[in-house]
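Report on one structure; see the data block that follows.
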């Protein structure tokens, strides 16, 4: 964002990929995603997915220094709630073995809880897709629910692929199993369709609405998929489950407070400056009537009445 703002202010704009600042940002973004991919192999899905709220806090505070944004009281309150929620998440996250072999993934894939869950998810997704395609319903909830349903498959596949790669690097080769390539295709396909629907939502709605809703839906679907597919809370105590869910709730609330709608800034000068007009010594300023339905244009009916009178 900072790179784009700088490029716009240049007298001779150049492509963003020729900006060193933009390339640095993309490199850091790729490094962050690589870290997230590795984290799925080392920690439960129920812990990794909610920790994505750290990026929301980071972007809110870093924008103060790079984008010269104003620090709001809501940002401090939301950040405090989110950090408290993260502490509870890390403290009460399920403690389960994270080394997943290809045979374990195969067994999880044909287990009856996951089969029931996948059938239910396919049915719901098909219903939403029907309204999206046939009825042209592009409500933000419909779009982001489809993203969340796809995200549950993505995190399952990502954890399986990253775990098998980690074991292979340690000397326990897992890349010869067909399940590795099945999960890799599932991961790539679900990610591609997530981007499609998320991009549609960002195009139609404000980012301040899309970001918190998407975070809540994504995290919830990821936790549910981890519980059903990898059985992450199978032996957890009731108090641990309650505190973990309370930490999720605090994180959700913090993200919503940080990303909620900000007041739009309006120009103080209520005219449009047309600049220098060739052949004219003075430049006039058009004073549009903001109360008229044809804002910024001439009202032909009013002009005709004046001429007739």
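From the backbone N, Cα and C atoms, a Cβ is placed for every residue, glycine too.
The annotation transmembrane segment is assigned in TrEMBL to 21-41 (among others).
Per TrEMBL, the feature transmembrane segment maps to 47-67 (among others). Long-range contacts of the transmembrane segment (47-67) within the same chain: residues 1-2, 5, 32, 36, 39-40, 75, 78-79, 82-83, 85-86, 89-90, 93-94, 155, 211, 215, 218-219, 222-223, 226, 247-248, 251, 254-255, 258-259, each at least 6 residues beyond the stretch ends and with a Cβ under 8 Å from a Cβ of the stretch.
According to TrEMBL, the feature transmembrane segment maps to 74-94 (among others). Taking Cβ pairs closer than 8 Å, the transmembrane segment (74-94) reaches residues 43-44, 46-47, 50-51, 53-54, 56-57, 60-61, 232-233, 236, 240-241, 243-244, 246-258, 260 in its own chain, all 6 or more past its ends.
Among the features that TrEMBL reports, transmembrane segment is placed at 114-132 (among others). With a threshold of 8 Å between CB atoms, the same-chain residues lying at least 6 positions outside the transmembrane segment (114-132) that come near it are 108, 138, 142-143, 145-146, 149-150, 152-153, 224-225, 228-229.
The transmembrane segment annotation in TrEMBL covers 139-158 (among others).
Annotated transmembrane segment per TrEMBL: 178-198 (among others), in sequence order.
Annotated transmembrane segment per TrEMBL: 210-230 (among others), in sequence order.
Sequence annotations record features per position, and here TrEMBL assigns transmembrane segment to 236-259 (among others).
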